[in-house]
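Database features (TrEMBL):
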{"type": "TRANSMEM", "residues": "B:7-35", "note": "transmembrane segment"}
{"type": "TRANSMEM", "residues": "B:47-80", "note": "transmembrane segment"}
{"type": "TRANSMEM", "residues": "B:92-114", "note": "transmembrane segment"}
{"type": "TRANSMEM", "residues": "B:143-161", "note": "transmembrane segment"}
{"type": "TRANSMEM", "residues": "B:190-211", "note": "transmembrane segment"}
{"type": "TRANSMEM", "residues": "B:258-279", "note": "transmembrane segment"}
Amino acid sequence: MELSGIASYLISFLTFAGVYAVLALGLNMQWGFTGQFNIGIAGFFAVGAYTSAILTTPSSPAYLGGFGMPFLVGLAGAVIASTLLGVIVGLITARLRTDYLAIASIGIAEMVRLFVKNEDWLTNGVRGIAGIERPFADTLLDSPLTYLVIVALFVAGVYFLVERAYASPWGRVLRAIRENEPATAAAGKSIAGFRLQAFVLGSAIMGLGGGLYAHFFGFLSPEAFMPLYGTFLVWVMLIAGGSGNNRGAILGAVLVWGVWSGTELLTGMLPSEHATQGAALRVLLIGVLLQVILVTRPEGVLPEKPPRLIARKR
Amino acid sequence: MTDILQLLIYGLVLGSVLTMGAIGVSMIFGILRFAHFAHGDFMTLGAYLGLSFISAFGLSSWWALPAAMVGMAVIAVFIDQVLYRRIRRTQPVILLIASFGMALILRSLVQLIWGSDNQTYASGIQFPWQLDWLGGMRLKPDHLWIMLISLGLVAGVHLFLTRTRLGKAMRAMSDNMDLALVSGIPAERVIMVTWVIGGALAGAAGVFLGIDTRLHPVMGWTTLLPVFAAAILGGIGRPYGAIAGGMIIGVSMEMSTLLIPAAYKPAVAFAIMVGMLILRPQGIFKGTV
């Protein structure tokens, strides 16, 4: 492969890793901080991606939309839509055990997928939405590298915000809920309230990830998401990187995305009649990787390091 | 009227499948305190094991049932011993993640071994009986067998839970773990039996599903949501509730096709589940919240 080929592969690799890092940071807010088990990531991701796509694409007779709005408006729409979804799911599940959230969230992801697939008027159904433009389209700045910089800026911004949240008194309550719910309730904190806030914030971040993905990939269809694998990859990223640790979430996103794309290169060498087996083999490998991490190093590569609670005496 | 009766039959058939899955989910939750997300893919794997068994020996469709039940009972215990047992000491929610990963491992294994195409146990169309005394309603022999066999299996689980020492021990552990353990109940043996029953019933559910429709690597995963809905509706951790839950969800899903597009059938199960979580999260038969 010539140098420019390697460079463009690297840029696309890092952009994907960046989008996944945003998702992993969103999940870290829910699972890493608060202990909320969301396996409907694909649902929030899809809502964000489709909202941004519908707001920004030029008008089309096939589906609703064609508002032709700018990139940032699309992203804002993505965040608002996934926030609303997060509020609905959060209100239902905030006062229940986390197993119920897990079941409800997988239901939400499934409902979103069914809706996207069957409501042609809104999403163009299985034919998908094409021609989602990158920001600065038709200008000198339009290049994959520019988009990588934009994604990197968003990752940095989200990282800064969640890191501040983690260290704040608010984040401390979340960790307290995760570690010992009855004690936190006894200290007079509203468990359901804090859970709802963390869940909605995490969902909003996931919606942002969806929007960033839509403008990078340029095409959306119900199957292009690989809904379940998307959710699953984000989970493996967070657990491998170190749940509770924001830098771990970003590192995990890069590492696991590296493993995932690396296996794609390997299975790409298989003859084409074994293509579906190759895809299954990749999922199998990632699944085994998760189990090995859970058994041998459940705290991840970068374990959580909570900030000092009390200032040390001089 | 005939339409409604016909849908009722389909609903009871689907309900039988869901019941088989939901009893397992409910028992595993009662004993091990986690929602077993690989249960749908247990069903898939069971269905395919049955397929290999009957095609290897050239047997008729229904021989898939014992093969799937025995195979899945063994595999469930194996997975528990190799994976789940090692992380049982940590929080139950880690088990939940592990089972989610196991679901994907099993599904990709099925794709690797059997491919991603639709398959069936027996080719050809089975002619239904026309029941003139019920307004010309049609009933396939297979559907009747699915309902009768699941009735038998439910009765078997009931007898096991109420009449045997191990069954009583299981109910005790599900009701009050600490009290059961201090009174000397062999926890590891009860857990193993839980997996045997849960795995065997999941295998049966998979074969029923395969006989009713077709075999596909995601057949179990798409059934998982209604199975959980059934378990929650009946009160999670309550095997008897799972029967009521399974039948209610199954019949509602089929009846809903009178009003909304069939593509949204899973949404009905989901809506009932969400309604239940809001109004009465402990389920019809008070389970563990």
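Cβ coordinates come from backbone N, Cα and C, glycine included.
Worth saying up front: this structure is predicted, and the values here are computed from it rather than measured.
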To the transmembrane segment (B:190-211), which of B:7-35, B:47-80, B:92-114 is linked by the most Cβ pairs under 8 Å?
B:47-80
Candidates B:7-35, B:47-80, B:143-161; stretch with most C-beta pairs under 8 Å toward the transmembrane segment (B:92-114):
B:7-35
Folded-back contacts onto the transmembrane segment (B:47-80), same chain, C-beta under 8 angstroms, at least six residues removed:
38, 102, 110, 113-114, 119, 121-122, 142, 145, 149, 191-192, 195-204, 206-207, 209-211, 215, 219-220
